[in-house]
Amino acid sequence: MNPYALSMLMSSLAMGTIITLSSSHWFLAWMGLEINTLAIIPLMTKMHHPRATESATKYFLTQATASALLLFSAAMNAWVTGEWTIMNMNSYTPTTILTVALAIKLGIAPFHLWLPDVLQGLDMMTCLILSTWQKLAPMALLILTSHQLNANLLTLMALASAIIGGWGALNQTQMRKIMAYSSIAHLGWMTLVVSFAPGLALLNLTIYLMMTSSMFMMLMTLNATNMNKLSISWLKTPTLAASMMAGLLSLGGLPPLSGFLPKWLILQEMTKHHLGVLSTVMALSALLSLFFYLRLSYMISMTSPPNISNANLAWRKKNNPSLINPILVVLSTMLMPITPMLLM
C-alpha cells in the first residue's frame with residue numbers, strides 16, 4: 001500500500017477513536033465510530049484476495065448494523081429525555097438497543113459470529129488492529145454507560161461469551177480463529193464486571209490489549225498462521241517460542257502470570273456481590289479456554305516435526321530486533337506483583 005494512503009488511514013483510525021473517547025454527545029461518538037469503520041476497510045482489502053474482500057464486506061455490514069442501532073437508540077433517548085448526552089440514558093428501550101449495538105460492535109456473544117470469519121480472511125497486522133485498537137471506542141462507551149445498562153442482560157451475554165469463546169476454539173487449527181475466540185472469551189469477562197466495577201473492566205481491557213498485541217506480534221515474527229507452522233517455531237527461534245508459550249499461558253489465566261490478575265479480581269468482586277454460582281460457571285468456562293492454550297503451548301515447546309519437509313525453511317530466523325515486543329511480553333507475563341497496589 002502507498003505509504004501516504006497508509007498514514008492517512010492510520011491517522012483516521014486514531015482520530016475516530018479519539019473523537020469517540022473524548023465526546024459527551026451521542027452524535028459525536030457515533031461519528032467517531034463511523035470514521036473508525038471506514039478507515040479500517042481499505043486496510044482489510046489491501047491483500048487483493050477474495051477472502052479479504054469477503055471479510056471486509058462482512059465487517060462493513062455488521063458494523064453498519066451496529067452503528068444504525070446505536071444512532072437509533074440515541075435518537076430514541078433524545079426523544080424521551082430531550083438531550084443527547086451520553087451519561088443520560090434513563091429509558092429501558094434505548095438502553096437495551098444500545099447494549100445490543102455495542103455487543104455487535106465488540107463481538108460479544110450471541111453477536112460474535114462475524115469475528116472469527118472476518119479475522120481469518122485478514123493479514124496478521126490488520127488482525128492485530130481489529131482485535132485491539134478497534135475495541136477501544138465501543139468499550140469506552142460500554143464503560144461510560146455501564147451504570148445505566150441492564151445488568152442482567154450484560155451478565156447473560158458475558159456468560160455466553162465466556163462459554164462460546166472457550167468452546168469454539170477447541171477444534172480450531174488456524175491461529176487467527178483461535179485468537180478471535182480468545183477475544184470473545186476475554187470480552188465476556190469484561191462485560192461481566194462492567195456493571196459492578198468499571199475500573200476492573202478497564203484493568204482487564206488493558207491487560208488483554210497487552211497480551212493480545214504481544215501474541216500477534218510474535219505470530220507475525222514467526223509467520224505462523226496455523227498450528228503446524230507453530231510446531232516448527234522452536235527450531236527457528238527458541239527464545240521467541242518460549243516467550244510465546246508464557247504469553248499463551250498468561251492468556252489462559254494461569255498464576256503467577258499477568259492474565260491471572262484480572263480473572264482473580266473479577267471472581268473476588270462477583271463473590272462480594274453474592275454471585276457464587278455465576279463465579280463458578282465463569283471459572284469453569286476459563287478451564288475450556290485454558291485447554292486450548294495448553295494445547296498450543298504443548299505444540300510450541302514439546303513437539304518437533306519428524307522430518308524436515310522439502311519446503312524452504314529458515315533454519316534460524318533473521319533477527320530484526322524490535323524493542324516493543326520484549327516490553328509487551330514482560331508486561332503480559334509479569335504484572336502479578338502489582339496486585340497489592342491495585343487492591344489498596
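Positions of Cβ are set from backbone N, Cα and C atoms, glycine also.
Quick look at what TrEMBL lists:
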- 23-288: domain 'NADH:quinone oxidoreductase/Mrp antiporter transmembrane' (DOMAIN)
- 59-80: transmembrane segment (TRANSMEM)
- 92-115: transmembrane segment (TRANSMEM)
- 151-171: transmembrane segment (TRANSMEM)
- 178-197: transmembrane segment (TRANSMEM)
- 203-222: transmembrane segment (TRANSMEM)
- 234-254: transmembrane segment (TRANSMEM)
- 274-294: transmembrane segment (TRANSMEM)
- 290-343: domain 'NADH dehydrogenase subunit 2 C-terminal' (DOMAIN)
- 323-343: transmembrane segment (TRANSMEM)
Spatial neighbours of the transmembrane segment (178-197) far in sequence, C-beta under 8 Å, 6+ residues away: 103, 106-109, 112, 115-116, 118-120, 127, 131, 135, 139, 142-143, 146-147, 149, 151, 154-155, 157-166, 168-169, 172, 204-205, 208, 212, 215-216, 251, 262-263, 266, 269-270, 273, 278, 282, 285-286, 289, 292-293, 296
Long-range Cβ neighbours of the transmembrane segment (274-294) (under 8 Å; 6 or more residues past either end): 155, 158-159, 162-163, 165-167, 169-170, 172, 178, 182, 185, 188-189, 192, 248-249, 251-254, 263, 266-267
Within-chain partners of the transmembrane segment (323-343) [C-beta distance under 8 Å, separation at least 6 from its ends]: 203, 207, 210-211, 213-215, 217-218, 221, 243, 246-247, 250, 255-261, 264-265
Residues from the same chain, set at least six apart from the ends of the transmembrane segment (59-80), whose C-beta lies under 8 A from its own: 26-27, 29-30, 33-34, 37, 40-41, 44, 88-91, 93-95, 97-98, 100-102, 104-105, 111, 114, 118, 130
The domain 'NADH dehydrogenase subunit 2 C-terminal' (290-343) [mean pLDDT, rounded to integer]: 74
